[in-house]
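Quick notes on the structure that follows.
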Amino acid sequence: MFLRSVSSITKPFRRIESPKQLARRMAVLPDTYADPVRIAVIGGTGLRELPGFTQVASLNIQTPWGTPSSPITILHHTHKDKTVAVAFLSRHGLHHQIAPHEVPARANIAALRSIGVRTIIAFSAVGSLQEEIKPRDFVVPDQVIDRTKGIRPFTFFEGGVVGHVPFGDPFDESVAKIVRACGHSLEGEGVKLHDRGTLICMEGPQFSTRAESKLYRSWGGSVINMSCLPEAKLAREAEIAYQMICMSTDYDCWHESTEDVTVEMVMGNMKANAVNAKHFVTAVLDELADDRNAELVQAKQYAGSVKFGLSTAQANWSPEARERMNWLFPGYFEIDLYIRYLLLIQRDIDLTSWN
């Protein structure tokens, strides 16, 4: 927490795990995991400690796009006498040291795909842009408006290969239905859920001006955060089903009868609602892990979509682009003999040019 109220000084001291202590604890875990992991959670570090889940591995994966924002923690959970594996990644680092515009989203998504992930549940604190979405309410967004500024790398398809994937529906409706059902099942236990909404993703790290906040309301925006993009776009490019769960922590700065958003306000509501958030995410993971959803979490509806979205013929890919694409989609692109022949000719030309 960046800000602290004076009253918090009088509260009992709670020991916080230091970076060295956390690193030491995670170092004890195995650094490999053999089986594919289909489901992942991206969120804050608090969600790594889910009730009923046991940490069994901590993976440090290097990608062509760099290092992910945290090690990927593999969690085991028993559901209906079956052990289910779930991957967890801390979006802003293990100690929330990575700013929204610094999150290595490409490395995060690529690393998750490399261990078999095909469905991502993303969790985020958001500001509410509508009166009916109160602080501590949950929202399952179905649309997003991109207000980032191009500072964040936002595509896998560049530097020698061009691709365009559909993004009309940025979230996966099949996964969203499960999330909504789980949320409504917990409404008697403190969870208040809004089934749909338009998410505004802003650049940050500063909060909105009052004029911006009112503008987003006039556009029909429901909630606002700094985390959804390019995460959701990259997941689509990687053929991964993606659904975000939003937890409202404030009314941004448009509301005339409440205080403007502060970090202290955000963190306070997140802490107060932490139990509900964990129960919600746990319920979703339990449902996704059920045998009847085994096909759904493999996101087969997206399989092969990249092949149809690429505009650059394989023969014309740069060597660097080919290496990146084969890392992200191993065995995915078959190179026929004619293309191999062209590549060999090109290689020979390049070699003779040095003589």
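Keep in mind that glycine also has a Cβ here, set from the backbone N, Cα and C atoms.
Swiss-Prot lists T45, R91, H92, S124, A125, S227 with the feature phosphate binding site. If you look up Swiss-Prot, you'll see M226, D250, Y251, D252 marked as substrate binding site. Sequence annotations record features per position, and here Swiss-Prot assigns site 'Important for substrate specificity' to S208, V263.
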Among R91, S124, A125, S208, V263, which are recorded as recorded positions, the nearest neighbour of D252 (substrate binding site) by Cα
S208
Neighbour tally for D252 (substrate binding site), based on other Cβ positions within 10 Å of its Cβ:
27
For S208 (site 'Important for substrate specificity') and S124 (phosphate binding site), determine the Cα separation and express it in whole Å.
17
Name, in the order they occur in the sequence, the residues of the same chain whose CB lies under 8 A from the CB of S124 (phosphate binding site) and which sit 6 or more residues away.
G43, N225, S227, C228, M244, I245, C246, M247
Can you name the recorded positions among M226, D250, Y251, V263 whose CA is within 10 A of the CA of A125 (phosphate binding site)?
M226, D250
Between V263 (site 'Important for substrate specificity') and R91 (phosphate binding site), how far is it from one CA atom to the other, in Å?
17
If you tally other C-beta atoms within 10 angstroms for each of the recorded positions A125, M226, V263, the top scorer is M226
Whole-number Å value for how far H92 (phosphate binding site) lies from Y251 (substrate binding site) (Cα to Cα):
23
Could you tell me which three-state DSSP class D252 (substrate binding site) falls into?
coil
Provide the three-state secondary structure of S227 (phosphate binding site) computed with DSSP.
coil
How many Å separate the Cα atoms of D250 (substrate binding site) and H92 (phosphate binding site)?
20
